[in-house]
Amino acid sequence: MSSMLLSLNCCKQTKPHRENHKIETSAGNSSPKKKSRRESRRSVQKILLLGTGESGKSTFLKQMRIITGKSFSSEELQIFKCIIYDNIYKGVLFLLQARGTLGLPWGTCGIPGSPPSLSTAAAAESAAERLEDHFRRTRSQRRERALKMSSDQPAWSEEEFLALAPLFHAIWADPSIRTAFDQRSLLITEDFSENTRYYLNRLNQIAIPNYVPTNEDIVWSRRPTDSIIEEDIQVHGTSLLFIDVGGQTKERRKWCQTFKDVNSILFLVGSSHYDELYLDRVTGEYRNKLREAMTVFEGLINFESFRRASVIIFFNKSDLLKEKIEARCSGIRAHFSEFPENADEFNLVAVQNFLVESFASLVDPIVYSSTTEPTPVSSPMNQNRFSWFQRRSVEVQQTSMGRSASLNMNCSRGTTLRDRVPRKRTIYRHFTTAVDKKNIQMVFDAMQDTILQNNLRRLMLS
C-alpha cells in the first residue's frame with residue numbers, strides 16, 4: 001500500500017449517527033440556520049485540485065487566474081521572473097547530465113550513421129565546461145538562492161542570468177542536447193521540468209534587460225507546491241474556491257486538512273507520464289508516475305468524505321502524449337502489460353481510451369445493477385470503437401466538452417454488503433493541455449456546469 005493511502009487513514013471517521021427528521025415542504029418552516037447554510041453552499045463552491053507531482057495543478061490554477069482577468073502584481077511578476085531564471089538554469093544542468101548518462105557525443109543527434117555537427121559541438125562543449133565551473137563555484141549562493149525561492153523572495157539577479165545566457169544558447173544549439181531532451185523518459189525526471197524546451201526556444205525574448213514575464217511565460221513556470229494555495233474565482237455570482245495542495249509524496253499528508261465540505265474534486269493526471277519514473281523519497285523505490293497517479297486516485301475516489309462530491313479527471317499534458325505517440329519511440333505496452341493486445345499502442349485514440357478505462361475501473365467494484373451485461377464505453381475521440389468494463393455497469397453520457405461515466409456505487413465504505421444502498425455517481429473526464437489557454441477556457445466553461453449542477457442536486461437532497 002502506498003504512503004498516500006496510509007496517510008489517508010488519519011482522516012477516516014466513523015459514520016455519524018443520523019436521526020430521521022420530518023421534511024418540511026414549506027420554505028417558511030425552514031430554520032434560519034438551515035437557510036444560512038444553504039445560502040453559503042450556493043455562494044461558495046469548494047474545489048480540491050489533487051493529483052501527483054508534475055500533473056499540472058498549479059499550472060491550471062494560474063490559467064484560471066488569467067482567464068478570469070485577475071492580473072499579477074509587480075511583486076508577483078518579479079518572483080515569477082526569478083522562477084523562470086531558475087527553471088532555465090536547472091533545466092540546462094539536467095540536460096548536460098542527461099547527455100552524459102545517455103552517452104551522446106557532442107554534435108550528434110543519436111541516430112546511427114548521422115554525421116556530427118562540428119559547428120555546434122566545440123561551442124557547446126566549451127559552454128558546458130564554463131557552466132559546470134559556475135555551478136561548482138556558487139555552492140553557497142545556490143543554497144541562499146534556494147532559501148529565498150522557498151520564501152518568495154527575489155533569488156536571481158538579472159545581471160547574473162544575462163551573463164549565463166550565452167552559455168545556455170550555445171548548449172541548446174547542439175543536437176545532442178535536444179536529443180537528450182527527447183529521450184528524457186529514459187531517465188529519472190522528477191527534478192526536470194518539461195518547460196525547459198519552451199524557455200530555451202524563447203531565450204532571445206527572456207535574456208534581455210528589464211524582462212517582464214508574459215502570461216504564457218508565467219503559466220509555463222514550475223515550482224513544486226509545498227503549501228496549501230487557494231484561488232477564489234467569481235463566476236455568475238458564485239465563488240469557486242480552488243484549493244491546490246502539493247502532489248509530492250511528502251505533501252499528501254496535508255490533503256486531510258482540506259477534505260471537509262468539498263463540492264468537487266478536480267484530479268489531474270499527467271497522461272504523458274506512462275513511461276516516466278520517479279524516486280519515492282520515503283521508500284527509496286522507483287515508481288512509474290502514471291501507476292502512482294492511479295493508486296492515489298483509487299484511494300481518493302472511494303474515500304468516505306468524498307461520497308457526495310462530483311469528480312472531474314483532467315488527463316493533462318495531452319499535447320505531450322500526442323507527441324510521444326507520434327514519435328513511436330516509447331510504447332505504453334512496455335510499461336502497462338494490461339494494454340489490450342489487439343490495440344495499437346501508437347494510436348492516440350487507443351491510448352486515450354485505455355487511460356479512461358484504467359481510471360474508471362478503480363472505482364469501488366461492489367455495485368448494484370439491474371443489468372447483468374456490461375454497458376459499452378465509447379472511445380475518447382468519437383470513434384465507433386467499444387471496450388468493456390467488467391463487474392460494473394457504466395453509462396456514458398455525451399457532454400459539451402467530453403463524456404461522463406456514471407457508475408452505480410455503494411454510498412459508503414465500512415458498512416456491510418446488506419446495509420449498502422446503491423446510488424449513482426458520475427465521473428467526468430477531459431483531455432487537457434494546461435498551458436493552452438484556449439483549451440482550458442473551453443474545458444472550464446464545461447466544468448462550471450458540472451460543478452453547479454452537482455451542487456444543485458446536493459442542495460435538493462440536503
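Sequential numbering from 1, following the chain as shown.
Each Cβ is built from the backbone N, Cα and C atoms, and glycine gets one as well.
In TrEMBL this protein carries:
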type: BINDING; residues: 54-59, 244-248, 316-319; note: GTP binding site
type: BINDING; residues: Ser58, Thr225; note: Mg(2+) binding site
type: COMPBIAS; residues: 32-42; note: compositional bias 'Basic residues'
type: REGION; residues: 14-42; note: region 'Disordered'
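Sequence features, as recorded in TrEMBL, placed on the structure.
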residue : record           : contacts (Cβ under 8 Å, 6+ apart)
Gly56   : GTP binding site : Leu268, Gly270, Phe314, Asn316, Lys317, Thr432, Ala434
Ser58   : GTP binding site : Arg222, Arg223, Thr225, Ile229, Asp244
Asp319  : GTP binding site : Thr433, Val435, Asp436
When a 10 Å sphere is centred on the Cβ of Lys317 (GTP binding site), how many other Cβ atoms does it contain?
26
Using a 10 Å radius around its CB, how many other CB atoms surround Glu54 (GTP binding site)?
25
DSSP three-state call for Asp244 (GTP binding site): helix, strand or coil?
strand
Ranking the binding-site residues Thr225, Asp244 by other Cβ atoms within 10 Å, which is at the bottom?
Thr225
